[in-house]
Amino acid sequence: MQRGREREAESQRVRESERQRGREAERQRERQRGREAERQRGRERGREAEREAERQRGRERQRGRGEAERQRGRERGREVERHRRGREAERQRGREREAERQRGREAEREAERQRERQRERQRGREAERQRGREAERQRGREAEKQRGERQRGREVEAEAEGRGRGMRQEAEATEQGQGQRQRQR
């Protein structure tokens, strides 16, 4: 009976020990699973972090490309603006050259008008001198004619005077002749 109890107690201890080992092994497995799960989660987090970093790099690259594209766009814009300003400056220079030519033509026309007025005045003065000379000649002819007329008048007068003297002398001679004849008679 005593041995039966001991065997029972032994059996009890064995079972207890077995259960204890089982529980220990279970806890061990549990811890193992926990560690494994933790490692899994760590790996997962690592992969997620890697993916996030890749996405970040992708976004960075995208932004970089976008920025580079914008930079190129700005550069093209500036280039277009330079060309536009160049063309505008060229047109402006063309307009200035045209205005310069216009001013030149205008100045030439003005100079021509000036020369024409000068020639006109010259012709006027020439005509005036011509008229003066003509009037002078006319006055000369007129004076000449008047002198001629006065000369002829004097000649006629002298002639008349001469005839008058001749007739008086003749009359006197006649009177004297008659007187002598009367005295002789």
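Yeah, the Cβs are placed from backbone N, Cα and C, and that goes for glycine too.
Note that the structure is predicted; figures quoted are calculated from it, not measured.
If you check Swiss-Prot, you get these features:
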COMPBIAS  1-171  compositional bias 'Basic and acidic residues'
REGION    1-185  region 'Disordered'
REGION    2-158  region '15 X 8 AA tandem repeats of [QR]-R-[GVE]-R-[EQ]-[RSAV]-[EGQ]-[RAK]'
REPEAT    56-63  repeat '6'
REPEAT    122-129  repeat '12'
REPEAT    130-137  repeat '13'
- Note on the structure: In DSSP terms, the repeat '12' (122-129) comprises 8 helix, 0 strand, 0 coil
- Which whole number is the mean pLDDT over the region '15 X 8 AA tandem repeats of [QR]-R-[GVE]-R-[EQ]-[RSAV]-[EGQ]-[RAK]' (2-158)? 90
